[in-house]
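J.: Below is the structure I would like to discuss, written out as C-alpha cells.
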There are 2 protein chains.
Amino acid sequence: MTTSDAHTPASAQQHDTTAPARALGAHKAYVEGERAGLRVPVRRVHLSDGRALTLYDTSGPYTDPSVTTDVRRGLDTPRAPWIAARGDTETYPGRVVRPEDDGLQHTVPRGGAGGLDAVFPGRPRRPRRARSAAPVTQLAYARRGEITAEMEYAALREGVAPEVVREELAAGRAVLPANINHPESEPMVIGKRFLVKINANIGNSAVTSSIEEEVEKMTWATRWGADTVMDLSTGRNIHTTREWILRNSPVPIGTVPLYQALEKTGGKAEELSWELYRDTIVEQAEQGVDYMTVHAGVRLAYVPLTARRTTGIVSRGGSIMAAWCLAHHQESFLYTHFEELCEILAAYDVTFSLGDGLRPGSVADANDEAQFAELRTLGELTAVAREHGVQTMVEGPGHVPMHKIKENVELQQEVCDGAPFYTLGPLTTDVAPGYDHITSGIGAAMIAWWGTAMLCYVTPKEHLGLPDRDDVKTGVITYKIAAHAADLAKGHPGAQEWDDALSRARFDFRWEDQFNLSLDPETARAFHDETLPAEPAKTAHFCSMCGPKFCSMRISRDISERFGAESEAELSKEEIAAGMMEKSREFAASGNRVYLPLAE
Amino acid sequence: MTTSDAHTPASAQQHDTTAPARALGAHKAYVEGERAGLRVPVRRVHLSDGRALTLYDTSGPYTDPSVTTDVRRGLDTPRAPWIAARGDTETYPGRVVRPEDDGLQHTVPRGGAGGLDAVFPGRPRRPRRARSAAPVTQLAYARRGEITAEMEYAALREGVAPEVVREELAAGRAVLPANINHPESEPMVIGKRFLVKINANIGNSAVTSSIEEEVEKMTWATRWGADTVMDLSTGRNIHTTREWILRNSPVPIGTVPLYQALEKTGGKAEELSWELYRDTIVEQAEQGVDYMTVHAGVRLAYVPLTARRTTGIVSRGGSIMAAWCLAHHQESFLYTHFEELCEILAAYDVTFSLGDGLRPGSVADANDEAQFAELRTLGELTAVAREHGVQTMVEGPGHVPMHKIKENVELQQEVCDGAPFYTLGPLTTDVAPGYDHITSGIGAAMIAWWGTAMLCYVTPKEHLGLPDRDDVKTGVITYKIAAHAADLAKGHPGAQEWDDALSRARFDFRWEDQFNLSLDPETARAFHDETLPAEPAKTAHFCSMCGPKFCSMRISRDISERFGAESEAELSKEEIAAGMMEKSREFAASGNRVYLPLAE
C-alpha cells in the first residue's frame, strides 16, 4: 500500500461547499490498492509535532485541489471499467423518460427526444443491466468467493483485509450499495463489523427548495461526513433532481420510490398499482439509485394495529401503503410482488432498504405490536431477497425511550438473520422539537454501539420544517459524533487513535492541531477566537476557562514531566514513590512555579 | 392540595431573561402544601383541547407577572420563617469581609465598614449558624424523623409523599442543598429516586465577563430549567459576584471554594493552607452557598498515578491540590482536616459535593487507577461526612466512552453507599470540540438512566472558550433532554405524560400546543415559521416535510378514526378485523380521499 498527498493551499475557502480541504492544514491524500488504478481517498491531518493522522474521507473529488469538477458535467466514473470488465452486464436503450417522471403531466414534453439528454446536460449514457437472469450483485460475487474492486476499495477505507468485506457480504451481514449505473460512486460497506455509517436525507418538497439547492446539500453533507445520501424529493422535477444528484455524487444514493410513484398518481394513494411502481423502480434503477426503501412489510392485517396508537403511522411510505391497503382491502402489492421486485433489483445491484412503515412516532408507541409485527415480516422478506441474490438492509425506528432501544437491535438481528440494521435516531424523548438532532443523537449512539450498522441523521428542523444548509451540517456532525462514539464503544480498531491524537494536542496546547483534528475545525476555531481572538492565543499555554494564571493542563504537564512520563521507561509504583520526594525538592527548588505567566 | 394560576399576558417579551412566561400561553401557577404559606411554583401549559399539563418550574419569581423583582434588592426569603422557627440557629456578626475576598489585595478597602453592606446594596443581613455543635442539616432532621418545610416543598415539586423525601435524605441517598443563609432558595431534592436534576456552571474568569453578566447567566439558566447553578468565578470580585448571585437566586448555588482560596494567594498553590481554606469556607457559608465542591480525595499517593495519562489532571481543583501536595510533599490538607470541615458545613447546612479531581480528561484515561483510587477515598469521606450529619453527594467524570460508563455509576454507588452521584457529562468522544454539549449529552442521558442523580451541563464552548448567553441556553436545553430521557427510561411516574401530551398535539396538528409544550417554545416556533411563515400554517393540517398534498399524520388520523380509536370502547382484534371490510367500503364511498386540500 502506497500513499500520495495532494497539498491544500492555505488560501482554501473554508466556507465554500467544494473548497479543497475541510480545514487549513488538512490534506486530501490517496491510499493505493493492489489492483491497478485503485486509489482510495483519505483525509490526512499533518500535526505540528511531525506526526499525521489519516481519517476516512467521504467528500469525493471536490476536496482534491488537483481535480476540476463541474456540476453540469458530473463526476468521473472510477467504477466504469470494473463494471464493464466483469462482462455480466450490457447497455440497452432504457426506458423513455416521460414528463410524468417529473410530475409534469399537464405540460408539453421537454426537448425533442425526451431522453436523459434533456434531463442532464453532461455525458448522456445508456443504462446498463444484467445480461442474464443471474444477479450482478456484490452479494452474488461475494458468495462465489470473488473479491471485487469495490470490495477491495471498501476494505482499504476500513483498514481491514478485503476478505473480511467479502465474508461479511456473503453472509448478508453487510451490504455494499453500488448500482452498476452509478459508476461515479466511491464504494463503501455497511455492516456492524465495520465503522458505523451515517446517512443524510435531502430532498425538495411541494412547499420549498430547488434542484440546485438539493445538489449543493448533497455535496455539503458529504463534505462533513455523510456516508450515503437519500434523496426524498417530492413534488415536481423528481426525476431531474435525482439525475443531477447521482451524476455528481461520490456516495451511494438512496430513495423511496413510492414517493415518486405517488406523484405520478397526482397524490392519490388508491391509484397506485404494481405496474406503476414497477416502472418507477426500473426508472430509478436505470438512473443509478444505489439503495431503495421499500415498505413491503406494511401488510393489510397490520394496519388496524396502529389504530389506537398515540401517533398512528408516521412514516410517509407506511401511511401511503396503509391507505392503499384500506382503499382496496387487499394485501400490499409490494408484499405480493416482492419476488418480482427482487429480480429487478438483482439486475442492477440495487440494495434493498426494507422500510419500517409502522415505526413508532412517539415514545408511547415504541416496541408495540404493529412495529414488531412488521419487523418479523421484514425478516421473512430479507430471506426472500437473499435467495434472489439481492443485498438487503433493514430500517428501524424512530421514537424509542432509552430502556427500549436494545430490544430493537436484538430482535432485528434475530429475525433478519444479522442483516445490517439502519435506524432513524431513535429519538429518546418527544419534548424537544428544535433539538431532535440531540434527542435522537443520544439514541443513535446507543443503538449503534449495540449493533446498528448505519444511522439516518435527524436535523434540528425535524417535525418543524425543511432543513437548510446549517441544519444539514448540524445533523451530519451530530451523527458523526454518535457513530464515532459507537465505534469507540465497540472497540473498533483504530477508532481511539483519533481521540488520542486530539487529546494529546489539547494537553500539549497545540491549538492548531486541536482545531484540525476536530470533526468541525471551523467551529472549533471560531469558538476559541471569540474568547481569545489574538493570534498569540493560538499558541498560548493556557485556555480561556482558567486563564493564564492557573491552568490545570499546565500543572498536569509539570507532574507528567516530573515523573518522567515522556521517557520510554516503565517505572514501577515503588520507583515512582521513591522518586517522589526528590521531585518534590526539585519543585521547591524551581521556585514552586505552578502557573505560567502570559509572556512565557 | 389546591392550586392557583397567575395568567401571563400574551404580550410577554419572550427574549427578556426575566420575562413573565416561557412562552405565549404558558402560566406561572402554584401548588399549595399542607403547611400554611407553602406554595410551590409550577409551569402550567394550557392546551387548546381544554386540558393542561403541569411542569416542574425552576425559574423562580422572575416568571410570575404579579411579582416585581429588583436585582439590587434581591429576592424575597420564603425559607426565613422556617429556619427561624426551628430555633436551632442564631445570627452573629460574621466574618469581616476583606478586600482580599475580592482579590483586591493592592487597593484600599471598600466603603467604611467593609461589611456586606458595601458588597450588595439590598438588605444587609447578619449571617446565621448553628446554636450548638448539633448539625442543623436536613440530613439530621430527616434522621430524627422530622419532615421539614423544605422536604414538603421538594416533595410537592416531585409529586411524591413528603415521607419519601425524608426517607431518602435520612438514608443519605438524596440531598436537599439548603444553606440556612440562602433563605431565598426554593427547596429541591437530588437523588436517584427523584427527577434527574441538572446544574449549569457560570462564573467570570481572569480573561473575560462581568458581575452583571454572571447574575444574568444565572437567571437565564434557571429560566430554561437549571436546577442548581455553580458559580465558578476566578479572578477579581469573586466575593461580590457570589453575593449578587445568591441574593437573586431561586435555586441552590454551588461553588469550588478552592478557587477563591487560590486567588487569595495570588495564584500560588504552594501558599495555600488549611487556615486560609477554612476562612474561605466560613466566608462562603455565611454568604449562603448551598453546596461546595471539595477535592479532598486527591491524596498525595495518587498524584503519580496520573503521570502517564494522556491528559494528566484536567480538574482545576485537582491540579491545584496535586501541586500543593507536590510542593509540600504532604498529605492534602483537605483530607487531613476533613472532620473539621464537616463541623463547619454542619453548622450552616452546606452540602458536600466531593470533587473528582482525578477525573479522566480524555477517553484514553477513563476508569483508570488514579480515577478509581480517588473514588474509593470519596467513599471513605462520604461515610465520615454522614457521621457528622453533613449532606453529601459525589462528583463523577468527565470523558468516558459509552462502554465504560456503567462501571462508573455502579462503583460509585457501591463505595459511596448510595450517595447521590453528580457527573459532568460524561463526554463519549474527544473529537468534537465545539459540540461537547452533544458528545456529553449522550453520556449524560445514559449515566442518568443508570442512576446518576444530577448532571452538570457542558456547553458548546467546552475546551474552547467561555460560554455566552446562547451557549448557556444550549447547554441547559441539551441537559434537560438528557435528564428527561433518563426520567423516561427509569419509568419515573408522570415523566411520559409530557411526551404524550406533545405527541398528541403533533398528531392533532395543534401547532401552538406543540410549541408551548416544547422544552424551547421559541426555537420550535421559529423553526416552523422559517418554512411556513404564514399565520394559517399554525393551524394547517400538514407540515412542511410532506406538504399539503400527502401527509402521513393526516392519513394516520383517518385510520385512527375509521377504527374508532376515539371512542372509549376497547375493541378486540377480531372485532377490528370484522369491521375492516366495512371500513374499507366506507373509505371508497368517501371518495378515497387520503389527502387534505389546502383549503379544507
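Including glycine, each Cβ sits where the backbone N, Cα and C put it.
Owing to the predicted nature of the structure, the values given are computational and were not obtained by experimental measurement.
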J.: Hey, TrEMBL has substrate bound by A:Met230, A:Tyr259, A:His295, A:Ser315, A:Arg316, A:Gly317, A:Asp356, A:Gly357, A:Leu358, A:Arg359, A:Glu395, A:Tyr422. Any idea which of A:Asn181, A:Asn201, A:Asn248, A:Asn408 it lists too?
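T.: Within the candidate list, TrEMBL flags A:Asn201.
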J.: Of the ranges A:1-23, A:47-69, A:93-115, A:553-575, which one does TrEMBL flag as region 'Disordered'?
T.: A:1-23
J.: Would you mind pulling the DSSP three-state label for A:Tyr422 (substrate binding site)?
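T.: DSSP call for A:Tyr422 (substrate binding site): strand.
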J.: Taking the residues A:Asn201, A:Met230, A:Tyr259, A:His295, A:Ser315, A:Arg316, A:Gly317, A:Asp356, A:Gly357, A:Leu358, A:Arg359, A:Glu395, A:Tyr422, which the record names as binding substrate, find the longest CA to CA distance and state it in Å to the nearest whole number.
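T.: Result: 20 Å between the two most distant Cα atoms.
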J.: How many whole Å apart are the CA atoms of A:Asn201 (substrate binding site) and A:His399 (Zn(2+) binding site)?
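T.: About 17 Å separate the Cα atoms of these two residues.
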J.: Do you know which of the binding-site residues A:Asn201, A:Ser315 has the most other C-beta atoms within 10 angstroms of its C-beta?
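T.: Selected residue: A:Ser315.
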J.: By the DSSP assignment reduced to helix, strand and coil, which category contains A:Tyr259 (substrate binding site)?
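T.: Reduced to three states, the DSSP call for A:Tyr259 (substrate binding site) is helix.
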J.: To the nearest Å, how far is the Cα of A:His399 (Zn(2+) binding site) from the Cα of A:Tyr422 (substrate binding site)?
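T.: Rounded to the nearest whole number, the Cα-Cα distance is 14 Å.
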J.: I'd like the number of other C-beta atoms within 10 A of the C-beta of A:Gly317 (substrate binding site), please.
T.: 24
J.: Give me the CA-CA distance between A:Arg359 (substrate binding site) and A:His463 (Zn(2+) binding site), in Å, as a whole number.
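T.: Cα-Cα, rounded: 15 Å.
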J.: In whole Å, how far is A:Ser315 (substrate binding site) from A:His463 (Zn(2+) binding site) when you measure between their Cα atoms?
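T.: So the Cα of A:Ser315 (substrate binding site) lies 12 Å away from that of A:His463 (Zn(2+) binding site).
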J.: For A:Tyr259 (substrate binding site), what residues in its own chain, 6 or more apart in sequence, show a Cβ-Cβ distance under 8 Å?
T.: A:Leu232, A:Ser233, A:Thr234, A:Ile238, A:Arg316, A:Gly317
J.: Summarise the model's confidence over the domain 'ThiC-associated' (A:26-90) as a mean pLDDT value.
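T.: Residues in the domain 'ThiC-associated' (A:26-90) carry a mean pLDDT of 93 in this prediction.
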J.: Binding-site residues A:Asn201, A:Gly357, A:Tyr422, A:His463: which sit with Cβ under 8 Å of a chain B Cβ?
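T.: Only A:His463 pass the 8 Å Cβ test.
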J.: Can you give me the same-chain residues 6 or more apart in sequence from A:Gly357 (substrate binding site) with a CB-CB distance under 8 Å?
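T.: For A:Gly357 (substrate binding site), the qualifying residues are A:His295, A:Gly297, A:Val298, A:Ile313, A:Ser315, A:Gly317, A:Gly318, A:Ser319, A:Met321, A:Ala322, A:Glu374.
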